[in-house]
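Listed features, source Swiss-Prot:
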- 11-31: transmembrane segment (TRANSMEM)
- 51-71: transmembrane segment (TRANSMEM)
- 78-98: transmembrane segment (TRANSMEM)
- 101-121: transmembrane segment (TRANSMEM)
- 134-154: transmembrane segment (TRANSMEM)
- 162-182: transmembrane segment (TRANSMEM)
- 206-226: transmembrane segment (TRANSMEM)
- 245-265: transmembrane segment (TRANSMEM)
- 273-293: transmembrane segment (TRANSMEM)
- 297-317: transmembrane segment (TRANSMEM)
- 332-352: transmembrane segment (TRANSMEM)
- 361-381: transmembrane segment (TRANSMEM)
Amino acid sequence: MTNSNRIKLTWISFLSYALTGALVIVTGMVMGNIADYFNLPVSSMSNTFTFLNAGILISIFLNAWLMEIVPLKTQLRFGFLLMVLAVAGLMFSHSLALFSAAMFILGVVSGITMSIGTFLVTQMYEGRQRGSRLLFTDSFFSMAGMIFPMIAAFLLARSIEWYWVYACIGLVYVAIFILTFGCEFPALGKHAPKTDAPVEKEKWGIGVLFLSVAALCYILGQLGFISWVPEYAKGLGMSLNDAGTLVSNFWMSYMVGMWAFSFILRFFDLQRILTVLAGLAAILMYVFNTGTPAYMAWSILALGFFSSAIYTTIITLGSQQTKVPSPKLVNFVLTCGTIGTMLTFVVTGPIVEHSGPQAALLTANGLYAVVFVMCFLLGFVSRHRQHNTLTSH
């Protein structure tokens, strides 16, 4: 593979995460405007965004098999056509059914693109470099989550219709589409070059189960925590502005942590540092949940920084459980994380209704403790060390 080709594929990976981050995180900014557009209460409008999450989940799950049937370049180019149709649907339709369908299509495109982006990084980079590259790639999710809400605020403040926000997000896919030209993608399944050697079916092992449970619990815990921090902070007498600042500080610290750990991870065994980070994150969340408002700003900054590397390290370790990175395995771990996203309000909503926001935060804390236990148990069964030794020879 030529260096320029590798750079193009890496940028496709970066932008695939930026696309998903923009679509998921911008929701809260535009929901009120969309509710007004359809003359609906915000509470019922929020349910239609489940179609976006459902599209992401289904496409990540199915793409584990589709990757071996449909070439990656074809998928990305077809995704561009779907993106144009979805944004056009948002712009020109006043039907809630068509809006929901467009959201589902955006989710499908986003999920397919992100699963391809993740696979490209695991395919192109080996060992510890794979972990640091995946982490840097994931930072584009957070970066888009900071940039696109600002773009949305800029447009909405000038009374520009909400659907132009999605048109701006579509420009990310335009860049991906342009990068596919003159770019060679790894061939998989029936498109892969034929070899005389028999294909070895490699068992995943129990380590993949531990990592999948960790991925689900981590994302469910993180989103369950950050979704209810504003309500919890307001209950302690903080202003809405200060409560919002806590969430902003978390994501800012999270992004800085990703950049820092993309360098730091190269010097440590991934399973050991993952266990340490998961333990630290559980402790810091407990400090936030039980501490006084005076210490909340510092503890959430520390939590954002030290938890930033957990999810991508889980995915990296998953990809290292087999000698050759398996798209099915990587997508399985990603799917478990996405299920965590889908379950966020299903799990935390009833808890808040019956016991208040702090109960939801303590539940999230318990989920982080489960992540720590899974990472600790992984140390006894993980195959990443033997596969790293093989690739280094």
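Numbering starts at 1 and runs along the chain as displayed.
Cβ atoms here come from the backbone N, Cα and C positions, even for glycine.
The shown structure was predicted, so the numbers you read here are calculated from the model rather than taken from an experiment.
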*Look over the recorded stretches 11-31, 78-98, 245-265, 273-293, 297-317 and say which has the most C-beta pairs under 8 A to the transmembrane segment (134-154).*
11-31
*Region pair the transmembrane segment (332-352) / the transmembrane segment (273-293), three or more CB pairs under 8 Å*: no
*asked:* Using a cut-off of under 8 Å between C-beta atoms, tell me which stretch among 11-31, 78-98, 245-265, 273-293, 297-317 contacts the transmembrane segment (206-226) the most.
replied: 297-317
*Residue numbers, six or more beyond the limits of the transmembrane segment (245-265), whose CB comes under 8 Å of its CB atoms*: 128, 131-133, 135-136, 138-139, 142-143, 145-146, 226, 229-230, 233, 238, 273, 296-297, 300-309, 312-313
_Residues of the parent chain within Cβ reach of the transmembrane segment (297-317), under 8 Å, 6 or more residues beyond its termini_ = 118, 122, 130-131, 134-135, 137-138, 207, 211, 214-215, 218-219, 222, 229, 245-246, 249-258, 260-261, 265, 270-271, 273-274, 277-278, 280-281, 284-285, 287-288, 291, 330, 333-334, 337, 371, 378, 382, 384
